[in-house]
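Accompanying notes for the structure given below.
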Ligand SMILES: O=P(O)(O)OC[C@H]1O[C@H](OP(=O)(O)OP(=O)(O)O)[C@H](O)[C@@H]1O
Ligand SMILES: NC(=O)CC[C@H](N)C(=O)O
Ligand code: SF4
Ligand SMILES: [Mg+2]
């Protein structure tokens, strides 16, 4: 995931950036960063949530009427704070860049940068590869008179060379604010504008929800291969330098994006209700007659309400979530995820006791959440528990910016539905069908093409075996380091045994 924003207007933009990132916090909790420019770049980044990283004293230093921000959910490299975005470079121009996504041909891109430009990325964050490819292409232009055509040319070469998913925003010092998407538009990016007494402010954001908070008017999606550049005179330039057929991530609709965001013209909440309604047929075919439908908060809510409506049984909130625990799925170690799930959800016994409960979640990834939930519902007295997933079984890793890259972790990649049901100790497991999902997001229904790779194994960028092999090795080494560190912390954080006197 990752949340990105960029602002350019007549006044300082740091506060807008912080508000914008806060609205996108659900997209990344590992680290956050902001870069602004007022003749010099001002950069502040660190590990943690937006509210922790950007205390008021740091905000004061972030001067400038142009800037970008990032909420990171690590998919490449480690969680170290120096790998947090934005990244900056000073040659051939001052550039500062953020991205959401994942580069999959990073070895080829790194090799070319080295051989052709003698550039060596300093870290393992894939953002550097996009940024240096773009910067290196700018070097080939007339550096005294960089034009909009030159900028879009450099975007085109970057889009041709860099494979994978990348929605990007870049401050080009002294020139303006640029946003471009990968050729297939896998990740979301929207463009908007707000009028102020001093002139217009332009903004880019991963999701439109951020515009609602900040009073921006939506202008357009920055879709497949598209680029938008706002120059120093606040003139907006559009170009589609290099496009491939659209393959927007369908999982953004199922889970990642916020319910109040509109993505490619579709309100996320409404699509989730539709997904819930589609599940009704499967529940009926299985002969299930639940007494109530409950959701796994928060992201299961809309699908649960859609299912309840379609099968004519009451919806209840049967599980209460501690909102301060964050998303378990994007915690980067298994031990950490289990800890979050444990502390996060509490059942309402009076509602579920003695009932046949259909519990709806957006998806089952590793099975950590579902297993725990079935258990707590049974402990609270539920007579039967049917676990219903509004996503189909996830059988293949995502390589486009979602951290479920290891097949070994995906429960549906290696187990039948019955085995999953046994593992999570439910009376029945029901999944959305891939056909129904494809029908809902079909080209005919005006959605354009979608990526369904984690449900089908067909990747829009073609054969990805080489990438998968490499990333699995890399993940394994980061994970084991992380899990060891977490285990060590939980031991040292344990209360000391009372001593006898
Ligand atoms: O099978 P698992 O590996 O447990 O992953 C699936 C769970 O992860 C997500 O929830 P999460 O707690 O991350 O966030 P949410 O509060 O936004 O639903 C998702 O909504 C599922 O509940
Ligand atoms: N989820 C993302 O978009 C991650 C962006 C980038 N690959 C990183 O790890 O920082
Ligand atoms: S593989 Fe799945 S999660 Fe990844 S981009 Fe495609 S649909 Fe989205
Ligand atoms: Mg969840």
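Glycine too: its Cβ is placed from the backbone N, Cα and C atoms.
Keep in mind that what you see is a predicted model, and the values were worked out from it rather than measured.
For reference, TrEMBL has these:
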type	residues	note
DOMAIN	2-233	domain 'Glutamine amidotransferase type-2'
ACT_SITE	2	active site, nucleophile
BINDING	249, 398, 451, 454	[4Fe-4S] cluster binding site
BINDING	299, 361, 362	Mg(2+) binding site
DOMAIN	353-396	domain 'Rhodanese'
REGION	474-501	region 'Disordered'
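Structure coloured by features recorded in TrEMBL.
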{"residue": "2", "record": "active site, nucleophile", "contacts (Cβ under 8 Å, 6+ apart)": "27, 28, 70, 71, 72, 73, 75, 85, 99, 100, 101, 206, 401"}
{"residue": "249", "record": "[4Fe-4S] cluster binding site", "contacts (Cβ under 8 Å, 6+ apart)": "165, 186, 187, 188, 256, 400, 402, 450, 451"}
{"residue": "299", "record": "Mg(2+) binding site", "contacts (Cβ under 8 Å, 6+ apart)": "255, 259, 272, 361, 362"}
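Listed in sequence order, the binding-site residues among 249, 299, 398, 454 whose CB lies under 6 angstroms from an atom of ligand 3 come out as 249, 398, 454. By the criterion of other Cβ atoms within 10 Å of the residue's own Cβ, the least surrounded of the binding-site residues 361, 362 is 361.
In this structure, the recorded positions that sit close to ligand 2, with a C-beta under 6 angstroms from any of its atoms, are 2, chosen from 2, 299, 361, 362, 398, 454. Under DSSP, residues within the domain 'Rhodanese' (353-396) fall into helix, strand and coil as 12 helix, 12 strand, 20 coil.
Taking a Cβ distance under 6 Å to any atom of ligand 4 as the criterion, the binding-site residues 299, 398, 451 reduce to 299. When secondary structure is read from DSSP and collapsed to three states, residue 454 ([4Fe-4S] cluster binding site) falls in the helix class. Per-residue confidence over the domain 'Glutamine amidotransferase type-2' (2-233) averages out at a pLDDT of 94. Of the listed binding-site residues, namely 398, 451, 454, the sparsest CB environment within 10 A is found at 398. Under 6 Å, Cβ to nearest atom of ligand 1: this is the test, and of the recorded positions 2, 249, 362, 398, 451 it is passed by 362.
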